[in-house]
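A quick write-up on the structure given underneath.
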C-alpha cells in the first residue's frame, strides 16, 4: 500500500511540472535535424518499413458506424500506455545521469546526448498526458524504476562512451520491439474495423501515428548508439544481455503492477 501511495504522489508531481531543463545538455552549436532511419529490432516480429498503412488512418469518414473498443482492447491499451510512460521516464533518467561524464570525456557527443534526451522527454510528456486523459494509473513500481534507471545511467556513464552506447542499444532494442508490437496490434484492429465497415475513431488514428513516430525516434537512437561504438563496449555481450533482460522484466511487471 505504501508503494502505491508513493507511486501516485510521485506521478502526480511529475505530471504537473514541466520536464526539467538541464543546462549541461545544451550544445554549443546547432542541433542537426532528426533523420528517419531504421534498424533491425531483434525482439520484434516485423520490420517497421514493411508494415501496412490502412487508408482509414489517412482519412476520416462520418458515414460509417463507430463501435466502442472492447474490454480486452481497453485493457491492452491500459497496460501498454502504462509501460510506455514508465519506460520513457527511465530513458530520461538514464540520459540525465549518463550525460555529464560522457560529454566531459567526449565533447563531440554533447549534441547527440542533448537531442536524445529531449526526444525522450517529449515522449514522456506525451504519455503523461495520455495517462491523465484516459485516467490510467501509472505503475506502482514508479519509484523503483526511477532509482534503477538512475543507477544504470550513472554506472554506464562512468564506464565510458562505449558502455553508455551499449546501454542505449540494449534499451532501444527492447523498447523498439515493444512499440512495434503495439503498432502491429493497433493496425490489426484498424484492418478489422475496415473489414466490418466500421469507422476508425480519431483517437485510434492519432495513437497509431504517435506510436509510429516515437518508435522511429527510438530506432534512430539505436542506430546512433551502434555508430558511436556500442558494440566495442567491454564486456558487450554481458551488458547487452543483462540490460535487455532487465527491460523485459520491467515491461512484464509494469503491465501487471
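Heads up, the Cβ atoms here are built off N, Cα and C, so glycines get one too.
Looking at 8-39, 40-71, the stretch flagged in TrEMBL as region 'Disordered' turns out to be 40-71. In this structure, the CA atom of residue 123 (Fe cation 1 binding site) is 13 Å away from the CA atom of residue 221 (Fe cation 2 binding site). Listed in sequence order, the residues of the same chain lying 6 or more apart from residue 88 (Fe cation 1 binding site) and placing their CB within less than 8 Å of its CB are 120, 123, 124, 126, 127. Between the listed binding-site residues, namely 120, 172, 218, the fewest other CB atoms within 10 angstroms of a CB are found at 120. The CA atom of residue 172 (Fe cation 2 binding site) is located 6 Å away from the CA atom of residue 218 (Fe cation 1 binding site).
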